[in-house]
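Beneath this line is the structure, given in structure tokens, with notes to follow.
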Amino acid sequence: MLKPGIRSVQKRFITETVVRSTQPSVSRRRKTTHFTDKLNKGPSFEDFVNGNAQKFTLDPLEKARQNSEEVQRLPTWLKVPIAKGSNFHKLKNDVKELKLSTVCEEAKCPNIGECWGGGDKSKATATIMLLGDTCTRGCRFCSVKTNRKPSAPDPTEPENTAEAISRWGLGYVVLTTVDRDDLVDGGAYHLAETVQKIKQKAPNILVETLSGDFRGDLEMVKVMALSGLDVYAHNMETVEALTPHVRDRRATYRQSLSVLECAKKTVPTLVTKTSVMLGLGETDEQVLQTMKDLRAIGCDVITFGQYMRPTKRHMKVVEYVTPEKFDYWKQKALELGFLYCASGPLVRSSYKAGESFIENVLRGRSRARI
């Protein structure tokens, strides 16, 4: 026989069980997922049965993300000779000896043979990459190494960079950096110091810096603009609609526009410059709007080049744009009032043809002031 206390507990347990079993169960609906949304937008089972699935088209972002069959072989206009020549090997040895990094090597630029191997040393161009060879961001088009916490900046780098450039006897040099979101100033003071040391060792050298967005900190943009450089470059990379897919989430289209605008307002005589890749799935209307946005903030120079997939881990090419189309965009840029436009399948933001033109413009301005 059960004790009174145990009988009471047993009775309460049975009662609660009966109540729970008679109450209607409330089903909890799962939150709609991104995967479900994609399924709902796509063809149904009935569409597949009826053969209508092909009628569903992808928007530009989906096309850029999923394209795999349309583009296979590299067109003839994108094939380049193997890099060689005495100047090429001299620059390569100097870079290695002074423990410098170049975007030419790290980003696997197809123009390295042309830029480094010119017959005239004064026309050779190397884009020095400062603050190490490891970026804190992970853009889907870029082959530069990434890490959340790269090694600390090398304090001797500004001096070594200035020494290398003075050895090469260049008339024009480009400095660029990886993004360093781990640093409070984004590396702005390190880059500014490098510009100043170059100007001390070789006052006649024209200096272009291709910098990041400093997380939108416009005070750091001003530090760079006031460092003594001649050309302030910051790349838009792509059109606004594709920016979230192509670039790291910390880089935005409007933020990049604000960087170029701030640099121009800080030092109005600065030449401001940007670069846009084509072949990512952009439309003509989007490219034209990007150029209009850039002219609205006073950007002087723009370059267009073909996106080329560095490795299979990176986003795929949607389209190989023809040389004729690049000529079309150059004409449009000049019509909109850009000071200069370099546009071609192999053109990159630091392409030497553009630098030669800008060098002549800047030196012409200098002579006019004397």
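The backbone N, Cα and C atoms fix where each Cβ goes, glycine too.
The [4Fe-4S] cluster 1 binding site feature in Swiss-Prot is assigned to Cys104, Cys109, Cys115, Ser350.
What Swiss-Prot lists as domain 'Radical SAM core' is 118-339.
Listed in sequence order, the residues of the same chain lying 6 or more apart from Cys135 ([4Fe-4S] cluster 2 binding site) and placing their CB within less than 8 Å of its CB are Cys142, Val144, Lys145, Thr146, Asn147, Pro150, Val178, Asp179, Arg180. Residues or ranges marked as [4Fe-4S] cluster 2 binding site in Swiss-Prot: Cys135, Cys139, Cys142.
Other than Cys135, Cys139, Cys142, the residues of this chain whose Cβ falls within 8 Å of the Cβ centroid of the [4Fe-4S] cluster 2 site are, in sequence order, Arg137, Gly138, Phe141, Ser143, Val144, Thr146, Val178, Asp179, Asp248. Ser350 ([4Fe-4S] cluster 1 binding site): 26 other CB atoms within 10 A of its CB, across all protein chains.
The Cβ of Cys142 ([4Fe-4S] cluster 2 binding site) has 22 neighbouring Cβ atoms from other residues within 10 Å, across all protein chains displayed. Sequence-distant neighbours of Cys139 ([4Fe-4S] cluster 2 binding site) (same chain, six or more apart, CB under 8 Å from its CB) are Glu237, Val246, Arg247, Asp248, Ala251, listed in sequence order.
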